[in-house]
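Per TrEMBL, these features apply:
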- 10-134: domain 'Lactate/malate dehydrogenase N-terminal' (DOMAIN)
- Gly15, Val16, Gly17, Gln18, Val19, Gly20, Asp40, Val110, Ala111, Asn112: NAD(+) binding site (BINDING)
- 137-296: domain 'Lactate/malate dehydrogenase C-terminal' (DOMAIN)
- His167: active site, proton acceptor (ACT_SITE)
Amino acid sequence: MASKTTPAFRIAIIGVGQVGTAAAYSIILASLATELLIVDLDRELRDTEQQYEQLLTRKRAKVNIVVITAGSKYNRGETAVQHTYKKISIVRSIVEEMKPFRSDTILLVVANPVDLLTFFAYELSGLPASQVLGSGTFLDSLRVRNLLAQKIKIAPASIDLYTVGLHGDSQIVAWSDATIGGMPMSKVFGANASECEDATNEGMKRLETMIRVKGSTPLGIGAAVSSICSSITSDQRNIRPICYMQPEWGCCFSMPAVLGRAGVVKKIDMALDSTEKMALEQSVKELKATIENVSQNQ
Ligand SMILES: NC(=O)c1ccc[n+]([C@@H]2O[C@H](COP(=O)([O-])OP(=O)(O)OC[C@H]3O[C@@H](n4cnc5c(N)ncnc54)[C@H](O)[C@@H]3O)[C@@H](O)[C@H]2O)c1
C-alpha cells in the first residue's frame, strides 16, 4: 500500500468483522499505512492465509498502531456479566498475542464496552498510559456537533462541543464548555442557547434510538478510527475526545486530548458544571465497581 506518511508505518487491525472491515477500508483510502495487517480468528476474514503464523510472528513486533475491533456476539443464555468477561478475555488474548510491542506502539481499542476494555488493555499491555487509547466518544462528539450545526446553521468546524465520559447511555454532552467561534454558546445565542441545547439533545436521543434499531453502523466508526490513526501517523496534534487513562479517577473514559505520534500528548481539562460532574461521578463509580469485580475474580 502506498504511503503519504512516515516510511514503514504498520497498522494492525485485530478483528475484521463489520467495524474492522470499515476501519481497514478508511485507512486504505487515506493511505495511512505502508502495511496493514489484518488479523481475525476467522480464517476466511484474515490476512494472507499462507504462512499466516510466520507473518504475524515476524511483523507484530514492528506494528505502530494496533486497532482492536475484535468482539463477540451474545450466545443464547449468556448473561451480561459472562459476556463482559468474554470480551475482556478476548482483549487479554490479543494483547498477549501481540507482545512484545515496540516501545512507541499505540493501542487503539474500539470494541465495546470501550472504556472498560481500554482500562484492561492498558493494564495488560505494560505500555505507558498515553499510548493506550479507546475510540470512546469521538464519533458521538461528531454526531452531536453536526446536529447542533444543522440547528443553528453554522458550520460544524466553527463549533467546539464534546461528548465526554463513558461511551454509551451515560455519556455527557459538555454544554457548559461549548463554544462557537471561540465564544460561549450563551454569549452567541443569549436566552436561546438552552433551546438549542434541548433540541440537540433531543436529536441525539432520536439518533441513538435509530442506530439501536438499525443495528451496527460500521462506516461512521470506521471513519473515526481512520481519523484517529491519521492524527497519530502525521503527528497532527489536533484535539480529539477519546478514551484514555484518567489517573485522578483511576479508570479510562473520554475527555478531549491533544493527539499526536506519541498518543495523548496533552490532556485537556474541561471545566464541567456541577450537573455534568455529578453525572460523570455516577457513571465512573459504576465503571470502577465493574473493574473491581473483574479484578477480584481473575
Ligand atoms: N466504539 C464504537 O463507537 C463502536 C461502534 C460500533 C461497534 N463497536 C464495537 O466494535 C466491536 C466489533 O463490532 P463488529 O460489528 O465488527 O462485530 P463483528 O462480530 O462483526 O466482528 C468481530 C470480529 O472479531 C473477531 N474476533 C473475535 N475474537 C477475536 C480474537 N481473539 N482475535 C481476532 N479476531 C477476533 C471475530 O471473528 C469477528 O470477525 C464490538 O465490540 C462493537 O460493540 C464500537
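Every residue gets a Cβ built from N, Cα and C, even glycine.
Automatic prediction, not curation, is the source of TrEMBL annotations.
When DSSP labels each residue, the domain 'Lactate/malate dehydrogenase N-terminal' (10-134) comes out as 55 helix, 21 strand, 49 coil, counted as helix, strand and coil in that order. Rounded to a whole number, the C-alpha distance linking Ala111 (NAD(+) binding site) with the residue listed as 'active site, proton acceptor' is 11 angstrom. It is Gly15 that, of the binding-site residues Gly15, Gly17, has its Cβ surrounded by the most other Cβ atoms within 10 Å.
Per-residue pLDDT, averaged along the domain 'Lactate/malate dehydrogenase N-terminal' (10-134), amounts to 88 for this model. Rounded to a whole number, the C-alpha distance linking Asp40 (NAD(+) binding site) with His167 (active site, proton acceptor) is 25 angstrom. Rounded to the nearest whole angstrom, the C-alpha distance between Gly17 (NAD(+) binding site) and the residue listed as 'active site, proton acceptor' is 20. Within the same chain, the residues at least 6 positions away from the residue listed as 'active site, proton acceptor' whose Cβ sits under 8 Å from its Cβ are Asn112, Pro113, Val114, Asp115, Gly134, Ser135, Gly136, Thr137, Asp140, Cys243, Phe253, Ser254, listed in sequence order. Counted within 10 Å of its Cβ, the other Cβ atoms near Asp40 (NAD(+) binding site) come to 18, all protein chains included. When the record's NAD(+)-binding residues Gly15, Val16, Gly17, Gln18, Val19, Gly20, Asp40, Val110, Ala111, Asn112 are compared pairwise by CA position, the greatest distance found is 17 Å.
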